[in-house]
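Working notes, structure below.
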Amino acid sequence: MEESQSELNIDPPLSQETFSELWNLLPENNVLSSELCPAVDELLLPESVVNWLDEDSDDAPRMPATSAPTAPGPAPSWPLSSSVPSPKTYPGTYGFRLGFLHSGTAKSVTWTYSPLLNKLFCQLAKTCPVQLWVSSPPPPNTCVRAMAIYKKSEFVTEVVRRCPHHERCSDSSDGLAPPQHLIRVEGNLRAKYLDDRNTFRHSVVVPYEPPEVGSDYTTIHYNYMCNSSCMGGMNRRPILTIITLEDSSGNVLGRNSFEVRVCACPGRDRRTEEENFHKKGEPCPEPPPGSTKRALPPSTSSSPPQKKKPLDGEYFTLQIRGRERYEMFRNLNEALELKDAQSGKEPGGSRAHSSHLKAKKGQSTSRHKKLMFKREGLDSD
């Protein structure tokens with residue numbers, strides 16, 4: 001009991017007496033003035049809302065002033081790209097057209113152009129000069145773009161690229177050209193190889209250079225870095241090369257195109273396709289107006305075959321000296337007569353020939369017997 005009584009006599013640190021002493025230390029007036037502590041509303045609401053609430057009630061309620069929504073900025077200007085480039089010929093105001101040097105169909109040629117088919121035949125990674133003709137000089141900063149597309153409609157939306165084998169075989173000689181690009185420019189360090197950000201098509205662009213003194217055209221040397229028969233690449237699908245003349249903003253000033261086949265023997269393939277073209281009797285594609293592509297003269301092989309004349313039924317007498325020669329010619333004649341009779345071309349004539357042949361054969365045998373009898377009589381004498 002004594003211990004508990006002693007504990008009650010000890011004042012706790014925050015007992016009632018201690019609190020009363022602390023309360024007396026506070027000032028008598030303005031205990032909760034705004035100078036000592038901020039208002040509760042100010043602690044919970046932003047300053048703009050508090051000022052709006054403190055305004056006179058007679059004024060119409062207004063929302064706090066906020067900045068007006070700004071219009072969205074213009075979209076970045078991307079160059080306009082068509083998903084399927086047009087191969088249609090468009091000379092434009094500058095009379096843009098293409099030309100090719102005259103080339104034969106020998107086995108040794110590395111490239112050859114067929115005006116009849118409007119088609120270029122070339123070997124892998126061989127230089128193919130293409131002439132650019134204009135009727136008037138284009139504006140400064142004009143460029144020339146080359147792009148490959150598939151010719152058939154079922155493949156035209158696909159991107160023409162090299163096969164995986166040739167893409168892996170790229171070496172340091174490729175220079176700035178990416179390994180997947182099919183068309184490359186030779187001898188021009190200012191060539192740019194581009195991938196369209198919308199269609200992912202490959203193209204190569206070079207600045208347009210005016211013709212040199214004494215020349216009427218500009219020449220660009222192109223290379224094709226994959227065969228048309230490569231699996232995983234073109235895979236025997238025909239392609240077109242589109243050459244466009246463009247200004248600095250990408251607007252097309254002129255356009256032209258031609259078909260391309262990359263093969264091992266350009267001369268042989270050109271001869272074969274031209275012969276098949278004549279056999280089919282397809283109309284010759286008209287070259288673009290003002291083009292320097294010369295069409296081949298029409299071949300005589302396309303004319304209809306002439307009908308064979310009927311056999312002549314007239315008989316002729318041929319005098320032959322010597323029996324051996326006579327027998328030889330007689331056997332030859334009999335063989336020809338038998339051939340005509342078996343072919344059935346002249347049924348009436350063959351019968352007449354056969355009957356005449358039998359009569360002549362009978363006469364020859366009788367004469368032969370008479371000669372034999374005479375010889376035997378001389379021997380017996």
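Cβ coordinates come from backbone N, Cα and C, glycine included.
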Which one of 147-158, 255-266, 327-338 shows up in Swiss-Prot as motif 'Nuclear export signal'?
327-338
Report, as a single number, how many Cβ atoms besides its own are within 10 Å of the Cβ of R323 (symmetric dimethylarginine).
11
Which residue counts does DSSP yield for the region 'Required for interaction with FBXO42' (100-224) in the helix, strand and coil classes, in that order?
8 helix, 43 strand, 74 coil
Other CB atoms, at most 10 A from the CB of R325 (symmetric dimethylarginine)
10
